[in-house]
Amino acid sequence: MSIRYIDEISDLREKKIFMRVDFNVPLDEHQNITEDTRIRAVLPTINYALDYNAKVVLASHLGRPKGERNAKYSMAPAAKRLSRLLGKEVKLAPDCIGDGVSKIIDSMQPGDVVMLENLRFYPGEEKNDDDFAKALADHCDIYVNDAFAVSHRAHASVEAITKFFPIVAAGFLMKNEMSYFEKSMKNPIRPLVAILGGAKVSGKLEVLENLCNKVDKVIIGGGMAFTFLKALGYNVGKSLVEENLLETALNTYNKAREKGIKFYLPVDCVVADQFNPAAETKVTTIQEIPEGWMALDIGPATVTLFSTALQNAKTIVWNGPMGVFEMDAFSRGTFAMVSAVANSYALTIVGGGDTDVAVHRAGEYAKISYISTGGGAFLELLEGKKLPGIKVLEDNGHK
């Protein structure tokens, strides 16, 4: 079965639409939103519904309130920001279920927007509880999921809720996410290059194993590279290594090589005597990492190697930074890779693992073909998994 999208629903006019969005945005200590990409990403879907004078009921979680009310995790800042972006009032409901919410939804006028309070104030959300899902669905006519970033979670507002709606669809953000995933993984223009970074191999091994059936080249940077390098016999000093995964890393490396995949690892790195922005640093080759020092970024020769490997790429998928880019001394490798990816002639898809943050910080946002809003969801798609939120959309898309 295929997913039905909101623009394939024949009659939205004045209907009450329950829209699952992901407004899990970062806040500062004064409850101000510091980055609103996730809110802006669903504006096309909300505006499309409003063009049909629909009544839009938005539902999201924020943070981890652990199944109980906590003012710190209120959706109020998100409702306020959305109101500004839409140029119209977004009413914040006092709860996400209950009589008070039902009254608000029943009294909505065509073109009204209501934001429900944090879904995770109830344990039923993360337990995928049917009763909680039914309570959410009450009083609405159509279900729309436009929260790709939580679609790998079998939660009540993502999965169970679809049982209680006659019409189930996805929004335009979801459409973009699925479209770019298919362009990069299902029908890629080759050569297809995967860049994987970040601290740990453990979160990426399944991704790597799945990618080995699809890609032409793999580039490994970040802390995870040093588990591979140690497995290959290099002395990596105090660099981050997952000792329990050395054998698995070596097997994955050998398997990729057997399949004819070009497998790139760092040839030099920026090392420090301690994990500290003020640490003493120097550039060394991989063969000469001093005892007691740790590698915290890729070096200039590696940047050249990786950039050259990208030159003939037609599709690039990137997840995870090349070093501890939050510290200025170890940010150059990641920013150089952002530049190499942004200035390539390939279709470029970036997702999760702080890679999107690095792209924003480097000011190259506009040159990337697509930046995924999903961290864990993006990774699970790369692993070849069926996401619960996507599966129910496929199963119920044309019921």
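Placed from the backbone N, Cα and C atoms, the Cβ positions cover glycine too.
As recorded in Swiss-Prot:
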- D22, F23, N24, R38, H61, L62, G63, R64, R120, R153: substrate binding site (BINDING)
- K204, E326, G352, G353, D354, T355: ATP binding site (BINDING)
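The structure, with features from Swiss-Prot marked on it.
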residue : record                 : DSSP class
D22     : substrate binding site : coil
H61     : substrate binding site : coil
R120    : substrate binding site : helix
K204    : ATP binding site       : coil
E326    : ATP binding site       : coil
G352    : ATP binding site       : coil
Subject >> Of D22, E326, D354 (the binding-site residues), the residue whose Cβ has the fewest other Cβ atoms within 10 Å >> reply: E326
Original post:
Out of these binding-site residues, N24, T355, which one has the fewest other C-beta atoms within 10 Å of its own C-beta?
Top reply: N24
Subject >> For substrate: widest Cα to Cα gap among D22, F23, N24, R38, H61, L62, G63, R64, R120, R153 in Å >> reply: 18
**OP:** Across all the protein chains here, work out how many other Cβ atoms are within 10 Å of the Cβ of R120 (substrate binding site).
**Re:** 24
**OP:** Calculate the distance in Å between the alpha carbons (Cα) of G352 (ATP binding site) and G63 (substrate binding site), and round it to a whole number.
**Re:** 17
Original post:
On a count of neighbouring CB atoms within 10 A, which of the binding-site residues G63, G352 is highest?
Top reply: G352
Original post:
What same-chain residues, at least 6 away in sequence, bring their CB to under 8 Å of the CB of H61 (substrate binding site)?
Top reply: D22, N24, N118, L119, R120, E125, V150
Original post:
Just the number: how many Å between the Cα atoms of E326 (ATP binding site) and G63 (substrate binding site)?
Top reply: 22
